[in-house]
């Protein structure tokens, strides 16, 4: 697939480096000197290894534990085909976007944010009123979802340890939120590199636990009867397919490729591709093992999170310590994922409230940074505690957000930037990808709205789900 991608003419790592400024930009840019968000949050100091850590944390996250559930709407053949297609298209699109960013960096205009890319290629209105708001909604929605899922995993441990305990879900959400409040104060994206290295190990750990537990239960007499048939009438099954596609697209989604590439020290050529290879090696191992083993073990009885199937009517189907360990791994990685998706919000607030002419850790900048980040995280905690059904809402955000950002716009950006011949395969491949996934995203959004309407009667604020 990489042979289809033309190589931009940026200098290689072995060539003489182009002039850089203190921000690590390929060419000094006057406007960045007055941009506190770029100065303090999007520092360009990282290597391709760090990039691999960031990419893995942002993509290979606990939502992968819902992939077996997506299989219940698709069956074996449809599920595996969708996993393979989504992996191929997302890897291809992320490389397209990386090449576009490299091209602009070589031309003296390194684009650090998704909205900057849209502004440069599509025009100011697209960056300000379309891509910027969509990316913010996707990233902030991911933060809320991480906090909610972290609380649910804490509650899962509590229920196994104290079946008759009286603590409510919102209490665990608040506890996990306190950890997020601390991590939110880390100053820059680059400062997360060691946390994200640990995150990579954690996603391998809980995926191995989920796979091992599914195989153990599947082979034992404790598991439910295996039924892989698709149920419901034609309409129900059709909407189920689009729901499953939305789940898979959200799981493969990233939404912050430019911000991650902005953390790379120049020259950037080839580094993003290496980072993506690290990420997708981990992705293939985890996504396919968890989805196949989970669906095999539980069939159409698999829950929206496969970890929920390890306890049946209050009785653990695997040793209690194993459930504790798996959930602890998941909780730890959720904290890393949450703080990664806080970075676009942090960058916006830094740009609004910080003074780029003062030192990063001067009192003038530290006080508004702590206050603004604490308030934004506290709001996410309140939303997660108040709306435990946020998963339905997040599916809608994913359909409207991840699909255009990760599956449509990279192909459009590439064609507009490099202008391949309309007779070339890459031009029409990109057109087909953009059109197909635009339609899929619209249908997935309709399915998500339908699910919200169906579940709306059971919605209750601060519900103890």
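Every residue, even glycine, has its Cβ placed from backbone N, Cα and C.
Residues or ranges marked as domain 'Amino acid transporter transmembrane' in TrEMBL: 45-452.
Sequence annotations record features per position, and here TrEMBL assigns transmembrane segment to 73-94 (among others).
The annotation transmembrane segment is assigned in TrEMBL to 137-161 (among others).
Per TrEMBL, the feature transmembrane segment maps to 167-186 (among others).
The annotation transmembrane segment is assigned in TrEMBL to 198-219 (among others).
With a threshold of 8 Å between CB atoms, the same-chain residues lying at least 6 positions outside the transmembrane segment (239-257) that come near it are 55, 58-59, 61, 63-64, 66-67, 69-74, 78-79, 82-83, 86-87, 90, 94, 97-98, 101, 114, 135, 138-139, 142, 230, 232, 287, 340-341, 343-344, 394-395, 398-399, 401-403, 405-407, 410, 440-441, 443-448, 450-451. Feature annotation from TrEMBL assigns transmembrane segment to 239-257 (among others).
Per TrEMBL, the feature transmembrane segment maps to 278-298 (among others).
What TrEMBL records for 321-342 (among others) is transmembrane segment. Within its own chain, the transmembrane segment (321-342) has Cβ neighbours under 8 Å at 54, 57-58, 61-62, 65, 139-140, 142-143, 146-147, 149-150, 153-154, 156-157, 160-161, 176, 179-180, 183-184, 186, 189, 192, 195-196, 198-199, 202-203, 205-206, 209-210, 213, 256, 307, 310-311, 373, 376-377, counting only residues six or more beyond its boundaries.
The transmembrane segment feature in TrEMBL is assigned to 370-390 (among others).
Residues 89-90, 93-94, 96-97, 99-100, 114, 117-118, 121-122, 131, 134-135, 137-138, 141, 246, 249-250, 252-255, 257, 420, 429-431, 433-434, 437-438, 440-441, 444-445, 447-449, 452 of the same chain lie 6 or more positions beyond the ends of the transmembrane segment (396-414) yet place their CB under 8 Å from a CB of it. The transmembrane segment annotation in TrEMBL covers 396-414 (among others).
Remote same-chain residues near the transmembrane segment (426-449) are listed as 4-6, 89, 92-93, 96, 239, 242-243, 245-246, 249, 392, 395-396, 398-400, 403-404, 407-408, 411-412, 414-415, 420 (criterion: CB distance under 8 Å, separation of at least six residues from the stretch ends). What TrEMBL lists as transmembrane segment is 426-449 (among others).
Segment contact holds for the transmembrane segment (137-161) and the transmembrane segment (370-390), given three or more CB pairs below 8 angstroms at sequence separation of 6 or more.
Sequence-remote contacts of a segment are chain residues at least 6 beyond its ends whose Cβ falls under 8 Å from one of its Cβ atoms, and for the transmembrane segment (370-390) they are 140-141, 143-145, 147-148, 151, 169-170, 173-174, 177, 180-181, 184-185, 342, 345-346, 349, 352-353, 455, 458-459, 461-465.
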